Amino acid sequence: MPVAVAVSVAVSVASPPSLPRVARSPPPPPRHSARVRRRLASCRWVNFSGHPLDSRRFEHLSSRCSITNTDVQYDHVATDDEASSEKSVIEAECPVPVVHLKPEILESDSSSLLTERDFVDNLLTALPVLSVEEQNALAAIPAHPAGLYAMYASCLTGNLVEQLWNFAWPSAIALLHPSLLPVAVMGFIAKLAIIAGGPLVGKLMDSFPRLPAYNFLNTLQAAAQLLSAAMIIRAHSIPSTSASAVILRPWFIVLVLAGAVERLCGIALGVAMERDWVVLLAGVNRPIALAQANAIINRIDLLCEIAGASLFGILLAKYDPVTCLKSAAGLMICSLPVTVFLTWLTNKLSTGVLDRPKSLHSCCKSCNDVTVNENDSIGVGVDAIKLGWKEYIQQPVLPASLAYVLLYFNVVLAPGSLMTAFLTQRGLNPSVIGGFSGLCAVMGVAATFVSANLVNRLGILKAGAAGLIFQASLLTIAVAVYWSGSLSQQYPLLFFLSLIVLSRLGHMSYDVVGAQILQTGIPSSKANLIGTTEISVASLAESVMLGVAIVVNDSSHFGILAMLSLVSVVGAAWMFCRWLLNPTDEQRSLFAFDFQ
């Protein structure tokens, strides 16, 4: 069988005269030909039987010669004796590397030679393919479980102090004066700070390493809380005045500024933990593990909200406000080093995953978009806000984020100050109102368990759609019950409240799942910027609805607010389902696990 052996050898001409052509008889017709191409690294010997070597052909060649595409017949393969006899003849003229091919080796090798396509086919069929059950099991295992548990402990420590303070400061200020004006002013300024400063803080978080930025914001938040506590303690030591005079006092101005800084830091820390850190620790390509991590973080947040309010309430019932504020300040001081240590431990147990640099291309692009000028800090802030809105609009999961923002327009068909005021004016028993709020919180905790199961069974996108549709359906029935005019009776009113309680299951389920959708679709280099901008947009939506409630402040107009809330929830469900039914190529690539 003729076999062509290609040997890469350099040829250099020693003298310009042309070499004479040596006539060569054509090779015999091929029989079962198999062409072998190999680079020869060592000298072996081949007898070119039937093709005599003319010594004149090698006169003008250097010692580096080559043989290419030489047809070799198996029938003329030399034996060891023949090769050794011809070796001296060839070496006398030129040390041409010749290959000695043994017939038994060629026969055994030729049978195992594969074409490129056969090799690829055999390679692909040899690769292990996971079953659906194995893929689901792998998707449920976090990438860094030990680091994830340390992050839960850090989240528990930080959230407990934050939620306690969120309940402490309005309670302590309310004891200064019976008017709600001081608390309302602080809340309004905090919302404006989030709307205006959220993108700037997010941009700064994306521009610095994770651990130093997180620890700095933790320290800044604790300092703002301590300063606020000192101002309120100072206010309790001076005689009370009218509400309009209180808001003009220096201590109140400092309190408002410190409260705005504290809220900005809290928002930035929450976004960093929920949009960036948990994705790195659980694994963006492990949707079930990520869903479970998001559910646990939401449970921790809800439980800290209940525990913080209960703890300060118990203290306030037994001691005076100044003693309670001092106790809260001591808890803040003690929790700060614990939080910093747990943050370091999280990175240590996750083999330094939090030290990974963010996308260099995205960071450089963002830095080029915002020109830092120390003499024009206002311009830098405006540029950061513009960049935040630009990145927010261009994000690949914008419909899911807009659906999340639309849910913030629902300010009356949910537990809150407006619903509490409406039920109080209806003459409902305070214990029933308290039970309504407690059941809504219980539904929020239950939703964290339901959402993980929904992601496991339906996938991320369908789980989000299920939560929104469930909430919109129940609220539609609730609004119909309200417009039926039967809320003056006890049982229709309780049925109305029960529907709202059950709708919280869908709301909180989408809250958990929607966070995972945004975690998957937003790159880590822009997670803080886009996340804080989204919170700013949601705060703006909530402020708009609160403004409408101020204009339509009579309880008889509650139905108008209820209809606006329902329209926002139905609009969120429609927008998300429309996005789900018309997926783009980018959506398919981001959520490939869902489409599989």
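Note: Cβ is positioned from N, Cα and C throughout, glycine not excepted.
In TrEMBL, annotation is done automatically, which means it is predicted and not curated.
The feature transmembrane segment, as given by TrEMBL for the ranges 3-20, 147-164, 489-506, sits at 489-506.
Between the transmembrane segment (253-272) and the transmembrane segment (213-233) there are 3 or more Cβ pairs closer than 8 Å, counting only residues 6 or more apart in sequence, so the two stretches are in contact. With a cut-off of 8 Å between Cβ atoms, the residues of this chain six or more beyond the transmembrane segment (463-483) that come close are 291, 400, 403, 410, 413, 447, 451, 454-455, 457, 492, 495-496, 499-500, 502-510, 513-514, 517, 558-559, 562-563, 565-566, 569-570, 572-573, 576-577, 580.
Long-range neighbours of the transmembrane segment (489-506) within the same chain, counting only residues 6 or more positions beyond its ends whose Cβ lies under 8 Å from a Cβ of the stretch, are 413-415, 419, 423, 426, 428, 436, 439-440, 443-444, 446-447, 450, 466-472, 474-475, 477-478, 481-482.
By the Cβ criterion (distance under 8 Å, sequence gap of 6 or more), the transmembrane segment (296-316) is not counted as touching the transmembrane segment (402-423), fewer than 3 such pairs being found.
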